[in-house]
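Only one structure is covered here, and it is reproduced in the block below.
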Amino acid sequence: MNKLAVNLPGLHLKNPIMPASGCFGFGREYSEFYDLSKLGAIMMKAATAEMRFGNGTPRVAETTAGMLNAIGLQNPGVKEIIENEVPFLANFDTNIIANIAGSTIEEYEMVAKMFNETNDVHALELNISCPNVKEGGIQFGTDPKMAAKVTSVVKEASNLPVYVKLSPNVPDITRMAKAVEEAGADGLSMINTLTGMQIDLRSKRPLLANKTGGLSGPAIKPVAIRMIYEVKQHVSIPIIGMGGVNTAEDVLEFLLAGASAVAVGTANFANPFVCSEIIDELPETLKKYGFDTALDAVGKAVME
Amino acid sequence: MNKLAVNLPGLHLKNPIMPASGCFGFGREYSEFYDLSKLGAIMMKAATAEMRFGNGTPRVAETTAGMLNAIGLQNPGVKEIIENEVPFLANFDTNIIANIAGSTIEEYEMVAKMFNETNDVHALELNISCPNVKEGGIQFGTDPKMAAKVTSVVKEASNLPVYVKLSPNVPDITRMAKAVEEAGADGLSMINTLTGMQIDLRSKRPLLANKTGGLSGPAIKPVAIRMIYEVKQHVSIPIIGMGGVNTAEDVLEFLLAGASAVAVGTANFANPFVCSEIIDELPETLKKYGFDTALDAVGKAVME
Amino acid sequence: MITKENMRILAKSMIALDTIEMVLENKYISQTALPGQFLHIFLEGKTLRRPISIADIDKEMGTVTILFKVVGSGTKQLASYEPGREIDVLGPSGNGFQITEEDSTVLLIGGGIGVPPMYYLGKTLAKQNKKVISILGFQTKANVFYEEKFNQLGYTFIVTNDGSYGEKGFVTDVFHKVGDFDRYYSCGPLPMLKTVTNELNGKPGFISLEERMGCGVGACFACVIPSKDDKGYKKICSDGPVFDAREVSL
Amino acid sequence: MITKENMRILAKSMIALDTIEMVLENKYISQTALPGQFLHIFLEGKTLRRPISIADIDKEMGTVTILFKVVGSGTKQLASYEPGREIDVLGPSGNGFQITEEDSTVLLIGGGIGVPPMYYLGKTLAKQNKKVISILGFQTKANVFYEEKFNQLGYTFIVTNDGSYGEKGFVTDVFHKVGDFDRYYSCGPLPMLKTVTNELNGKPGFISLEERMGCGVGACFACVIPSKDDKGYKKICSDGPVFDAREVSL
Ligand SMILES: Cc1cc2nc3c(=O)[nH]c(=O)nc-3n(C[C@H](O)[C@H](O)[C@H](O)COP(=O)(O)OP(=O)(O)OC[C@H]3O[C@@H](n4cnc5c(N)ncnc54)[C@H](O)[C@@H]3O)c2cc1C
Ligand SMILES: Cc1cc2nc3c(=O)[nH]c(=O)nc-3n(C[C@H](O)[C@H](O)[C@H](O)COP(=O)(O)OP(=O)(O)OC[C@H]3O[C@@H](n4cnc5c(N)ncnc54)[C@H](O)[C@@H]3O)c2cc1C
Ligand SMILES: Cc1cc2nc3c(=O)[nH]c(=O)nc-3n(C[C@H](O)[C@H](O)[C@H](O)COP(=O)(O)O)c2cc1C
Ligand SMILES: Cc1cc2nc3c(=O)[nH]c(=O)nc-3n(C[C@H](O)[C@H](O)[C@H](O)COP(=O)(O)O)c2cc1C
Ligand code: FES
Ligand code: FES
């Protein structure tokens, strides 16, 4: 028996580790470092209906134990992704999760439909929480009604399981989680980035061309853990956790807080092998803290 | 002319540096390290109507580039503070800012009245954003109407200038800022801590007895900078900025973002001299980046 | 009075499983620190300092010895520092053990990484010609340290949980062998201190407590413990870490 | 192909104001890297790696030289590393300068910390018996480095903004003295590259660009620049940092 295996709606994961959306492109670059078949799944970079150029540069800034990004959802558009990127990833023995962003509900719907028609995508991740675009994105992620609406429309439009990616920029994440659960979400993905800013002392202006950016990395891990722990107590759909994961011990902390699987984002930049290394270390880490399987750890901190 | 001087409602600051509430007690301990008269002001630990014992221990946890705290507003009560702590601080040539917390509007009102009667307190800071207590605190900080209400009640109850301390755990901080400005706040103080959690891998439980705690330190600086920058564009009352300040360059970043003065919290723990050292370094730092006075830098990043 | 000092690492050695002995040089702290006080150690990149007890002092050489167990990232980092390097320390912190002149026999009870402060205390007590009896508890044989040094102070029982060395069991299991004493001093994990203070209920004693700290100087209220006085609490960092066993509620 | 390598620091010296030369030992990178490629350097405690150009290579010795200016916390940290230490590097990264066999005279234009990649390029071109002319621009005299080394490759103009050394002005101010050349190669700050490409409009040339990077391997879309092809953009880290001057929009 594979002690790392986790089954989630639509996803038979050989292990609970996957690169987070936007931090791994469409896998090509990292496939030169290791065999992507090793991964539980791959979350592709956000897809929109049309190609998007994204924001001006600079698009990233380093912060203490974190980074800001304002890529602005640059992507070649869903059609191109389905034609050129999905087939490449389909060569690997792993699950493909398509991340969808949109400015309108219709855009989410249209992109979801298109992914639904491919046979290679295993699940959808609805990015209703991107802080780096002018319209759409984050509005959907801070208003429970909008979030529920986009969820149910996408559920109607496709047969694929839908994971809704929540924004941490809200006072009550549980409300958002419940709203999308009721609207039919199969799972949650949390957290996206916290909105932040850095000011360049030399130019005296915000460093990022977009001014604000999304904060990711170890700095936000305590916020992610808190939100997952809170949400876990109130929903019954599974959670894919993320936010500052760097090590197998971080993964265990997410599992204990209630995540059933864990995505690694920013850490890929400093160490392109990080997902692979975590997968190697996880069995020993689980054992060290008294767990036989990954599943055994899920939600342990929540149950009293 | 003193190039570091900043005048705010009720506060003639010889420099814009002050220890943040809760991170400096009532000054006694740090007065053994350096002369507190050097400080622009001192923000006292939160006062409540009655003495509070606070939360169970552990109350603090270290996170990457930050920490979580859940002290739970332990304090000897406003009467004792006025009798024993304020007179001690009044020995120093600095401004005393009294931080007030409460579970009810009446409690805020009562504590404000009592501070108003002393002659030694220069301003009030309304902590409507403490995430570590069961009731009060954070509700006031996430609902604009409640925040406005507590602000106007306290304004009526005292003649002291009122700085309202905002919570970052909201999707739209500008709305909160505008609400309290309209309600009569003389200034803003931002940000308080982000709610976070750490799970202890050994016990498999949240490490803090209170489970969640407030995240502070360099990790949250980009969030603080973003919020101050946003709010600065929409309010005309001054902002006392805080969140992860460790160095004179950090102070400059806060000034550029729109803060008129800057509080230093967590950094006191690693370096009890940090406020004093920043005050020493600030003139040179301002000069290095082309500013003659601290005032010249305020809000520079916001004006286009 | 606490000051911020640089202490040069003179020597470092591993004296038991994951347990490091480090000798630090600093005039002020070596001359002023009392048994039971601690150092609050800054580590590059860490938000909070780490409290570590003073295990020994050589006033003539101007050195302070600490013993610590590598349990997390901070102690791991400290263990990696090589002799010659200077570390930034706040100290001497907290209040030490009260020594009563009239006592003729004292019992030291140390558990695991609570053993270190017992050593400098025992040395100080022995110098005053008191009879020192020590009970040192460890998990297993590999954790045992300073047995020889404590033997030099007086009769010493070593207890291991698994019986792999010395007596098997807990420190309290050898109480019946100790005979009479005037006062006890104890430091160790909380469950041990609870049993010790329960079993020795009524006996005068001092215990040294641990809690996660923020400031380490009494300002932040991170490290409080309920007390039986009017105020209702004590701060471990500044009122303690040593308390009269009857004063606090464990 | 990019791999993750450990490179041992063999030597470190300050060769101009705040400017460090570091010689790194690594077989794979020294044998495979081309002029214009860069190293993506990991620094303990930093979220992002730092891109630094390859300034020179000695294939026989298996060494790679980098030159960098201390401008922020990362370069300060790197500058503090002593010989003997190993650093974790991704490399060789990006695409290097294209060399055209038929060229007989080439012009190198480097500005400030854009000078380093010009050196290994110039050395490679000179080895192919091309005539190498260099224009190196610096802010002021204290910033000048590698003048002697470039002189050995061919005629070299040094320009300083304040005229404290060599000619006064910008690199473009000496264009009229250069005479004819087949191709130019340039690296430096964006304003300089803009003027250079404008003034040499029509001439074949390659420029090396800088942008803040996330991944450094082409996955994160942090480092894009608008391009004139259908796709509309290029990634500096993986399509560049070297581009045909006519290919991108500055
Ligand atoms: C007064 C006092 C004296 C001490 N003396 C010694 C000693 O002589 N030798 C020794 O080995 N240990 C001693 N300890 C415990 C020691 O402080 C911790 O083992 C150490 O802080 C762990 O740090 P870390 O980074 O390795 O662990 P981590 O778990 O990574 O630390 C995370 C945070 O928790 C705090 N923390 C973790 N465990 C403890 C603990 N048991 N007590 C207090 N804070 C903790 C750390 O200081 C840090 O802020 C003492 C503690 C106190 C309060
Ligand atoms: C392809 C390429 C080659 C380079 N080659 C050299 C070289 O040979 N010598 C040299 O001195 N410098 C070179 N640079 C610039 C060098 O990368 C930056 O000076 C360095 O990253 C600054 O890091 P810091 O931590 O000291 O500065 P900080 O300002 O503290 O860095 C903060 C963040 O911004 C990034 N950053 C800051 N300035 C730059 C910049 N100019 N370009 C890209 N990222 C930046 C850092 O990498 C880091 O992520 C090159 C840049 C690129 C893109
Ligand atoms: C450069 C960058 C680009 C990102 N792009 C996306 C994206 O396209 N879609 C999305 O849902 N999340 C995106 N994210 C958010 C991450 O998927 C992840 O939720 C977040 O970074 C927290 O995880 P981390 O701390 O491990 O990076 C991006 C993050 C980064 C750093
Ligand atoms: C231990 C601790 C106790 C705090 N207590 C209070 C408090 O009593 N009242 C309050 O308004 N803020 C309190 N805060 C929040 C700080 O004043 C400050 O807003 C926050 O920590 C961000 O600043 P920093 O990153 O510099 O610490 C506390 C913070 C810490 C770390
Ligand atoms: S650690 Fe701050 S009061 Fe004890
Ligand atoms: S830095 Fe990530 S694509 Fe270039």
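Every residue gets a Cβ built from N, Cα and C, even glycine.
Here TrEMBL flags C:Arg50, C:Pro51, C:Ile52, C:Ser53, C:Gly74, C:Thr75 as FAD binding site. Under 8 Å, Cβ to Cβ, and six or more positions away along its own chain, C:Arg50 (FAD binding site) finds C:His40, C:Ile41, C:Leu43, C:Gly74, C:Thr75, C:Leu78.
What TrEMBL records for C:Cys215, C:Cys220, C:Cys223, C:Cys237 is [2Fe-2S] cluster binding site. The C-beta environment of C:Cys220 ([2Fe-2S] cluster binding site), restricted to residues of the same chain at least 6 apart in sequence and closer than 8 Å, consists of C:Gly214. Secondary structure at C:Cys220 ([2Fe-2S] cluster binding site), taken from DSSP and collapsed to helix, strand or coil, is coil.
Taken from TrEMBL, the feature domain 'FAD-binding FR-type' applies to C:2-99.
Model confidence over the domain 'FAD-binding FR-type' (C:2-99) is summarised by a mean pLDDT of 97. Only C:Cys215, C:Cys223, of the binding-site residues C:Pro51, C:Ile52, C:Cys215, C:Cys223, place a Cβ under 6 Å from an atom of ligand 5. Less than 8 angstroms from a Cβ of chain D: among the binding-site residues C:Arg50, C:Ser53, C:Thr75, C:Cys215, C:Cys223, that describes none of them.
A simple Cβ count within 10 Å picks out one of the binding-site residues C:Ser53, C:Thr75 as the most packed, and that one is C:Ser53.
Classification of C:Cys237 ([2Fe-2S] cluster binding site) by DSSP places it in coil, neither helical nor stranded. Checking the binding-site residues (C:Pro51, C:Ile52, C:Ser53) against C:Cys237 ([2Fe-2S] cluster binding site) with a 10 Å Cα-Cα cut-off leaves C:Pro51.
Filtering C:Arg50, C:Ser53, C:Thr75, C:Cys223, C:Cys237 by Cβ distance to ligand 4 (under 6 A) retains none of these binding-site residues. The Cβ of C:Gly74 (FAD binding site) has 19 neighbouring Cβ atoms from other residues within 10 Å, across all protein chains displayed. On the backbone, the CA of C:Ile52 (FAD binding site) and the CA of C:Cys215 ([2Fe-2S] cluster binding site) stand 14 Å apart.
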